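**Q** Please read through the structure below; I'll follow up with questions.
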Amino acid sequence: MTTTRVSDSAVVSEGANSLRAVPILVNNLSKTIGRSEILHDLTFAVAPGRVTGFLGPNGAGKTMTLRILLGLVAPNSGTATFGRRSFNELTNPGNMVASSLDSSGFHPGMRVGSYLRIQATALGVSPSAAQEVIDATGVGGFVRARIGSLSLGMRQRLSLTSALIGSPSVLVLDEPMNGLDPHGVAWLRDYLRYRAALGHTVLVSSHALAEAENLIDDVVLIDGGRLVLSSSLTSWRSVAPETLVISTAKADELTTHLRDRGVIAESASGIVRSLGVSEQAVRDIATQTGIELVAVAPATASLEQLFLDATSRKGIEQERG
Amino acid sequence: MLAFRTELQKIFSTRLWWILLLVGVAISGGMGILIASNVAMSPGAPSSAFSYSYSVAGRVSYLVPLLLGTLIITNEYRYQTLSRTLLLGFSRRTVILSKMAVVAVVAFCIGVVCTTINATVVFAVVTAGGKDSMLSAPEQLGILWRTPFAFVLWGFVGLGFGLLLRNQIASIISVLGFVLVVEPVLTTLAGESDVFATVGKFLPGAANLSLIWPPDSSFTGSVVQNLPWEQGGAVMALYGVLLIGCGYVFAFRRRDIF
């Protein structure tokens, strides 16, 4: 599984679903289990031809949203559809939508080859077409192995393989990078970008943000079952509040002063990161409090930083709220 | 049809089917030899002693299709494979119908093998002992051809059990507990009183006995087999359909799968 194999995936997708890729539409989705509200009035859209990152901290409701979208869980209200149809209303959902929810859910006693043959049978895919996907994802060398003996990474590859075997036009993948080695991650990134370029709809949940950074065009960020943000990564970056990196001997002290003035700030090993405050304001605060600054520099927010800011800001707002 | 083929491939891709088959063969063969040499070979054995020997598969080995039906569905819960099964795009109803079809086919085949083994060992023991095997008697032939069908019905009962209980260990314990403890106790009770007997003949074990080995040939000491085989079969089928129906409606059709 190396990046050079991406050219092979052209072959893989030749027989791709002739249906045009449809957007994924989530409208006012709510789900309550017992007394806990897992999803609250969630609305977002996932456009074809782009890779959309579905982000959020653990327990944000990502997997629940995907399970509802895939017809495994019934929502209390709202809809999650492919175009206008729910998963179960699609003519041939298994072929149209590739889904990989996690790297578990295999019978450990089954051999890799048997499992893939069963997938191919179920989806009505010819053995040769299936073989191309198998070669591309690199599970071909393991067909005799029982699934129970595979590593996490190999099971993840197997899960992806079985998802992609039906040449679908919509991909819904939950944490597909989990357990993959750097080659695997690079391959998957290129492959998903390639599928998006074909006009397919690609929704990828992740909390591996550094890996998602080079992959996604659009971001859907949820937290606590609510939508925090849905936009393109570029515009998220452009509206994100300015982040400053401040070097000082009294990092903790400066952080406290900044926070007293309502500025979001955190310090780690002598470096303070502040958010949404100008360089001049920081310098003023430092002068007032007699703290000597070594350097102040604007930082390009990484996806991780954007994520942390968006989720922590919300937390602070809720506390204040 | 695609769903059926998928389920069929699934059952043959794990070790389950041949382990169950082996258990069935061991019971039908082993107990067949034992019973044939003890009962049918005893001096002056009545014809029912032969039926008793030829019905070992149907009377004892039905545990195998019962487990098959239970395991085919509880495996999906135990290994959390149900999501993947449903994500292939088959509706929940289709999944259950194809599992029923697979249980029917596999249980029938296991039934044929068990019955053949059963008949072969009894025939061999009796013939070796210099007696007439009685194998061509209509009574024995009836037992032999009806046993595989009884296996299919037991498979359905197991599937319904598994659908309702979901937990594999709980299902297996319940199935074994029912077959080995509850059913014999109830059957014994039914044999003790006329009141119980009227109900007792509709118990699965008694209905099964009626199906494979109908009453006119009852062996001394056995009880409540008071239904003609058609009715015994109908009662068994009813159990299967009711259990699967309830399991599907209350525990499968709308259940959230995490």
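For all residues, glycine too, the Cβ spot is worked out from N, Cα and C.
Per TrEMBL, transmembrane segment is recorded for B:16-40, B:60-79, B:100-123, B:143-165, B:172-191, B:233-252.
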**Q** Between the stretches B:16-40, B:60-79, B:143-165, B:172-191, which one has more Cβ pairs under 8 Å with the transmembrane segment (B:100-123) than any other?
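**A** Stretch with maximum Cβ contacts: B:143-165.
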**Q** Check the transmembrane segment (B:233-252) against each of B:16-40, B:60-79, B:143-165, B:172-191 and return whichever range has the most CB pairs under 8 Å.
**A** B:143-165
**Q** With Cβ-Cβ distances below 8 Å as the criterion, list the same-chain residues six or more beyond the ends of the transmembrane segment (B:172-191) that contact it, or say none.
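**A** Contacts with the transmembrane segment (B:172-191): 63, 66-67, 70-71, 74, 158, 161, 165, 197, 199-201, 203-206, 223-224.
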**Q** Against which stretches of its own chain does the transmembrane segment (B:60-79) lie, if we need a Cβ under 8 Å and a gap of at least six residues from its ends?
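**A** Hits for the transmembrane segment (B:60-79): 7, 11, 14, 16-17, 20-21, 23-24, 27-28, 31, 85, 99, 102-103, 106-107, 110-111, 114, 118, 150-152, 154-163, 165-168, 171-172, 175-176, 179, 208.
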**Q** Who are the chain neighbours of the transmembrane segment (B:16-40) in space, where the CB to CB distance is under 8 Å and they lie at least 6 residues beyond its ends?
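**A** Apart from its flanks, the transmembrane segment (B:16-40) reaches 49-50, 52-53, 56-57, 60-61, 63-64, 67-68, 71, 75, 106, 110, 113-115, 117-118, 121-122, 125-126, 129, 131.
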